[in-house]
Protein chains: 2
Amino acid sequence: MTDAIALTIHARDGAARTGALLTPRGDIRTPAFMPVGTAATVKAMRPEDVRATGADIVLSNTYHLMLAPGAERIARLGGLHRFMNWPRPILTDSGGFQVMSLAKLRKINGNGVIFQSHIDGSRHELTPERSMEIQRLLGADIQMQMDECVKLPCPPEEAERAMRLSLRWAERSKAAFGDDQPGRALFGIVQGGVERTLRIESARALVGMDFHGYAIGGLAVGEPQADMLATIEAVIPHLPDTKPRYLMGVGTPDDLLQSLRRGVDMFDCVMPTRAGRHGMVFTRAGRLNLRNARFADDSRPVDPLSTSAMARDYSRAYFRHLVKAGEILAMMALTEINLAYYQDLMAGARSAIGEGRLDAYIEETRRGWAEGEAEET
Amino acid sequence: MTDAIALTIHARDGAARTGALLTPRGDIRTPAFMPVGTAATVKAMRPEDVRATGADIVLSNTYHLMLAPGAERIARLGGLHRFMNWPRPILTDSGGFQVMSLAKLRKINGNGVIFQSHIDGSRHELTPERSMEIQRLLGADIQMQMDECVKLPCPPEEAERAMRLSLRWAERSKAAFGDDQPGRALFGIVQGGVERTLRIESARALVGMDFHGYAIGGLAVGEPQADMLATIEAVIPHLPDTKPRYLMGVGTPDDLLQSLRRGVDMFDCVMPTRAGRHGMVFTRAGRLNLRNARFADDSRPVDPLSTSAMARDYSRAYFRHLVKAGEILAMMALTEINLAYYQDLMAGARSAIGEGRLDAYIEETRRGWAEGEAEET
């Protein structure tokens with residue numbers, strides 16, 4: 001496989017590294033957080049404002065886009081970048097995870113998954129070949145193999161079955177991705193639940209197939225943080241140092257710091273955007289629930305050190321009023337503040353790695369959460 | 001009354017005039033459209049983006065703010081401008097109109113209105129004195145007398161009763177406004193339904209009381225456009241030429257053009273913002289309903305001549321997708337496009353009046369709606 005999308009590492013600090021993933025659509029500074037733009041929009045954000053928070057890449061969901069407005073339609077309209085007016089890199093998932101979590105009457109077999117749309121009940125089939133075809137039609141810069149992600153906890157035999165199926169789908173995904181997509185990348189996904197031996201077997205087999213990058217899937221699905229971190233520690237040594245490592249669907253700010261410290265380069269999570277739509281805001285002083293009555297007369301800004309003007313130029317009392325009144329501006333503002341917080345966190349980590357002081361940065365950051373008005377719930 | 005807020009007229013074209021209302025918080029170019037920010041936010045818009053559409057002033061609603069978060073609270077937090085981060089002029093209504101249209105178990109008497117909150121059923125009383133106190137606490141630059149607005153059609157006796165009550169409340173409002181609010185203005189409101197003689201009597205009585213400006217209330221409440229325009233034509237000659245004239249709660253783009261042509265200086269309406277939250281967009285080619293299936297593959301922008309980038313940089317197909325998916329970005333984008341359209345319309349009218357070609361401008365604008373894909377519904 002050609003390394004159309006290449007990782008360059010600028011500095012290391014322990015197992016952590018910082019650098020950039022170079023793509024024809026722009027560089028992705030790593031460690032990177034990718035905001036989730038499920039239905040071709042990062043909810044409640046204009047793309048230029050997503051960019052202004054510091055995002056180099058966004059993620060979009062194959063499952064949602066295949067159902068509406070349809071991959072062929074987006075292709076006719078010039079591809080996903082043009083459709084959503086985001087000229088920078090886009091990563092798409094395979095659709096498999098959301099078929100299993102959102103669709104109705106899903107039935108998995110060796111070939112793929114047959115399911116009914118959660119929107120209108122229409123019948124669809126997703127196979128590794130169709131998933132890759134959709135991602136190609138969308139024009140995604142980073143495409144993901146189709147895999148099966150089991151819920152945790154699960155019996156080892158079930159984790160093993162899904163891992164082996166995912167390996168077969170990895171081969172089929174790679175064949176379908178082909179060698180005619182210059183400047184685009186395909187990532188394999190390590191599965192195996194929290195079984196160390198399964199995870200290592202999965203990683204080795206995928207590396208043998210030679211992907212442009214490697215994801216760790218199936219984590220942050222209900223297991224304790226310690227299990228997640230142990231799994232990351234088990235897998236990382238078996239992944240090539242020169243390729244990007246992507247931890248899928250993770251997580252809290254602390255999850256991100258603990259994981260990048262162990263060598264993860266890329267993250268995505270709905271947490272900052274979803275929390276922002278529900279009155280929760282991430283700050284240097286921990287997470288605040290702006291529905292709380294104690295903010296009703298609080299004239300202080302949400303986070304005076306934020307890079308987002310929304311966090312500096314309005315009072316907590318104002319946002320509390322907007323949240324209680326169900327105003328759209330609350331969702332817009334808190335989403336932006338949260339995305340800026342996640343990007344600021346990554347920027348801080350990149351600097352700290354460059355200066356060889358990542359552990360001190362993590363310690364300072366955690367102290368801020370603890371000393372502030374954290375109300376982690 | 002001191003003319004703290006002064007109207008300066010730059011040019012005239014027939015009964016129409018263009019100029020500016022000079023206030024300590026900035027000039028309001030007239031004819032002016034005021035976006036509605038009911039609960040201290042123009043829904044789905046950041047204040048800097050409201051300003052970027054060309055708005056010099058916004059309106060906010062006394063009824064909503066007195067219920068939540070409360071006028072005394074906003075005053076403690078530094079006033080409404082600081083609360084909503086809008087440093088430019090703000091006009092507040094008296095609350096009377098919305099008590100009658102939104103509140104439960106309302107009971108009007110000579111002193112004021114007793115009602116229950118539509119939010120939590122709590123009991124409140126609104127009088128001219130309390131309305132003015134609230135508007136003072138909010139720090140509104142332009143404050144409105146409390147009046148009673150009847151629904152049309154209504155019997156002449158009912159229109160007369162409400163008009164006379166409104167005159168008594170005008171006197172009480174003026175006394176309560178006082179003479180200790182430099183740089184702020186109080187407007188009287190002409191009532192009288194569609195009864196020409198009542199309207200003229202109301203206008204003359206109010207002018208005798210000497211307000212900073214005069215509003216025409218109780219229109220666009222169900223009557224034909226012709227009745228509205230006839231009422232405006234009847235009232236305008238009885239208002240002082242040197243004072244601003246504000247047509248409350250109106251209306252469609254055509255309503256605005258027809259009314260400013262008759263000498264109206266100021267407008268407010270929820271139409272552009274409400275329509276934008278429901279997939280309707282105002283363009284130079286008429287109003288489009290983006291829910292319509294005919295836009296599913298329409299790669300054209302919404303309005304290539306709009307001053308809003310949202311109207312130029314995205315396809316109709318994209319917005320149709322967002323509207324159908326219930327995405328917040330649809331509400332944000334279409335609200336902005338609509339507000340920009342209304343402001344562009346006012347800017348065009350101001351230029352046309354300055355050049356003595358208002359009728360030609362109105363004709364060109366209406367031709368655009370007719371020749372385009374208008375689907376006025």
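Using N, Cα and C of the backbone, Cβ positions are placed for all residues, glycine too.
Each residue in the domain 'tRNA-guanine(15) transglycosylase-like' (A:15-369) has a pLDDT score, and their mean in this model is 97. The domain 'tRNA-guanine(15) transglycosylase-like' annotation in TrEMBL covers A:15-369.
According to DSSP, A:G218 (substrate binding site) sits in a coil region rather than a helix or strand. In the structure as shown, the Cβ atom of A:G218 (substrate binding site) sits within 10 Å of 31 other Cβ atoms. Annotated substrate binding site per TrEMBL: A:D93, A:S94, A:G95, A:G96, A:F97, A:D147, A:Q191, A:G218, in sequence order.
The number of other Cβ atoms within 10 Å of the Cβ belonging to A:D93 (substrate binding site), over all protein chains shown, comes to 31. The annotation active site, proton acceptor is assigned in TrEMBL to A:D93.
The region 'RNA binding' feature in TrEMBL is assigned to A:249-255 (among others).
DSSP assigns A:D268 (active site, nucleophile) to a strand in the three-state reduction. With a 10 A radius on its CB, A:D268 (active site, nucleophile) counts 23 other CB atoms from all the protein chains. If you look up TrEMBL, you'll see A:D268 marked as active site, nucleophile.
The region 'RNA binding' annotation in TrEMBL covers A:273-277 (among others).
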Checklist outcome for this item: Contact set of the region 'RNA binding' (A:249-255) with the rest of its chain, CB cutoff 8 A exclusive, min separation 6+ beyond the ends, reads 97, 217, 219-221, 225, 228, 267-269, 271, 282, 341-342, 345, 365-366, 369
Item to check | Helix, strand and coil counts within the region 'RNA binding' (A:273-277) (DSSP) | outcome: 4 helix, 0 strand, 1 coil
Checklist entry - Which of these binding-site residues is closest to A:D268 (active site, nucleophile) if you go by CA atoms: A:D93, A:S94, A:D147, A:Q191, A:G218? => result A:D93
Item to check | Greatest inter-residue Cα distance in Å for the substrate-binding set A:D93, A:S94, A:G95, A:G96, A:F97, A:D147, A:Q191, A:G218 | outcome: 16
Next on the checklist: Using the Cβ center of A:D93, A:S94, A:G95, A:G96, A:F97, A:D147, A:Q191, A:G218 as the substrate site position, which other residues in that chain lie within 8 Å, going by their Cβ?
Outcome noted: A:M144, A:Q145, A:M146, A:E148, A:C149, A:S166, A:I189, A:G217, A:M248
Checklist entry - Any idea what DSSP makes of A:F97 (substrate binding site), helix, strand or coil? => result helix
Next on the checklist: Counting only residues 6+ away in sequence within the same chain, which have a CB under 8 Å from the CB of A:D147 (substrate binding site)?
Outcome noted: A:S94, A:G96, A:F97, A:A162, A:S166, A:W169, A:A170, A:I189, A:Q191, A:G217
Item to check | Residue distribution over DSSP helix, strand and coil in the region 'RNA binding' (A:249-255) | outcome: 3 helix, 0 strand, 4 coil
Checklist entry - Does A:G95 (substrate binding site) have same-chain partners at least 6 apart in sequence with Cβ under 8 Å from its own Cβ, and which are they? => result A:N61, A:T62, A:Y63, A:M66, A:L126, A:S131, A:I134, A:M146
